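Noted in TrEMBL for the protein shown:
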type	residues	note
ACT_SITE	340	active site, proton acceptor
BINDING	339, 343, 362	Zn(2+) binding site
DOMAIN	47-232	domain 'Aminopeptidase N-like N-terminal'
DOMAIN	267-483	domain 'Peptidase M1 membrane alanine aminopeptidase'
DOMAIN	561-878	domain 'ERAP1-like C-terminal'
SITE	424	site 'Transition state stabilizer'
């Protein structure tokens, strides 16, 4: 049979077209892979709806195997499925995709794991059909020791060391347990099944619906979860005791802990039940799961983690021992439990759309935790104590190397470093500022509306502003964008001119220069009395207020004190002209100002002094006005400022160091007489906390009688661990005092503290010891203590507790960090704790030469996980160096300081 030439030409053209189109539809593998690399987020052509996960952890071999079946909606033409996976061995033959419409099983032509981007790329021969389908994958992994992903934690039971299996998935480590779309916006339902040793407790987000025992193993199945993000999935397998209680609306609340510690779990249980009731009313939405478990984990990198229905904690943040925990430990349990339970609404029910909006989770949970604590324990005055968080936010945000609250995240490796004081504490502070501006009732009502609207969904910052704007008729979006989308904050310079108050804003930078930021600032002020108040928005660089119109004949501006930023509700600092500053000092001495305002005046003065915008002489003079201060929070800040000034003085004016120490002792010595060494019947919670802070400060500044008494009581404690002579509230103070007397030739205190550490099983006691060991003035002892932190006796999470070394040990600590950097990077480099090593050891230095040396060392050693922290730490060294030079230029400092000391004598 013959074929015409025309037909042959037609066939050739048709075949060429077919292969051309096919080649266009199927680019080479290199091109396919490149389009998914170094991307901040996964491609959007597949959306997960439901996960069915089965895991079998082997606690002896520290390995696990598993399978996942993911119901997917293919929403765009693609030949790829791209999801997250890290440190998993994927069983390639097991991978398949079955489309719901025709039940056809498709197997990928290529399965690739891109380790540096933590993605799993499945390439198929043909375009996947639009619609629902089922992706199945089997895999294996390692139960790691890095406190992230699916990991092991160790505990002792009947003298035997055992492993438990724990998950920690935030921010982006669910991918280390099972392949998934590991992004907050990719919410789905989760059905979990575990195969575990039959004698162990196995917990997950939801209640157990079936448990089948087969010899030494059991299969545990859990209810399907509501829609949630992968970072909130949780599993815990180990040996536990628990206590339980029901809320008034039927939610079962349990606290799990190691066997034998169940009495320490009761306080947190009561706090949790009361807090859930409070949040139900405040958010106007009940807790959305049938149960809430809280578990104390021996090895835990963070303070706690808000997994939906299964909240995990460090032991120190959940357990409270009536006999051996301090008042500060009790308060920490309340704040942390309230913070994590707030996340069950803010974070779990309504979830940030991407990590740029992390502050929506953490800032709100921080703020709400104080709301709850104040409701449960109003006598603690926690809103005054909130100023410590507020100040931490100001300190970090005063750096040029800070970042906006809403920070761009371009790769998951950048996420860890934004779990910082900006997201948590500045975030909480600007919420407090906004609530103060809008009013508590309006704010609460609008917040409840926001939660109802975005429940089981994702939200961005602008969604919250829209809800608050709608509920208040105020320009919330315009007002708040200046606070969340640019870094930093203003210092408001206030002067009196011709019976007018003149206000000028500029960006505050601790380095001493001024930035170019501008804010819409809610100004509040009082003049001569808290009855004479004024509020307005400063929306330009400067503004004036006619005081004659404001005051009328009620006060005389020429003599009345003026306090701007009343109760420190605004996230800014204030610099007064000399006359206004003097009036405020007199108002402090005459007890006319609230505790929050006394706190704010002192802290602003300290920040301005550090930035070389105010003399040390003026700061010390102001501190002298606090000689009769009794309020815990104000004194806590006064003491911390004293520590920092002492360190700078040691570098700037070593010849005046003893005078400065004597001055600081004179400010607080009366409190030792008032509070004593032992608890008093009926004393307040705040006095109990203050006692330890005062005694610690007196020990650090070398007060001889305090050092001797602390050592006497410590020896009694060594003989009898239940002696009333060393109450838990003062143990840290005694331990510091003991270490201040330790030297190479007098090792008794150091070796005795190590014995206390080794003999206790209370995590809070171990924490007290570790945070005291590096207080010695002897560099050789410091080195020994630092090496102990790296030993197997100290859990990796706790090593960072001993990094705040004495002033005399800074150089030793820096040498130690350099010598051990490779080891430290290996153990802690994959998580956020590595940043604590850098910040704690680098930041205290105060010379430009040291800053240069630090930069040179890290030039070839910087990882992306510490890049921001390193820059911030080096900036702090420059700030300290500038401060030293500023102090050295001050005239008459010695004379003024001697006068301040003699004034008390």
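Cβ coordinates come from backbone N, Cα and C, glycine included.
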Using a Cβ-Cβ cut-off under 8 angstroms and a sequence gap of six or more, which residues of the chain neighbour residue 424 (site 'Transition state stabilizer')?
359, 362, 363, 366, 389, 393
For the Zn(2+) site given as 339, 343, 362, which other residues of the same chain have their Cβ within 8 Å of the site's Cβ centre?
306, 340, 342, 346, 347, 361, 364, 365, 366, 369, 424
So which one is it: of the binding-site residues 339, 343, which has the fewest other Cβ atoms within 10 Å?
343
With an 8 Å cut-off on Cβ-Cβ distance and a minimum sequence separation of at least 6, pull the same-chain contacts of the residue listed as 'active site, proton acceptor', or say none.
294, 304, 305, 306, 311, 313, 365
Can you tell me how many other Cβ atoms are located within 10 Å of the Cβ belonging to residue 362 (Zn(2+) binding site)?
25
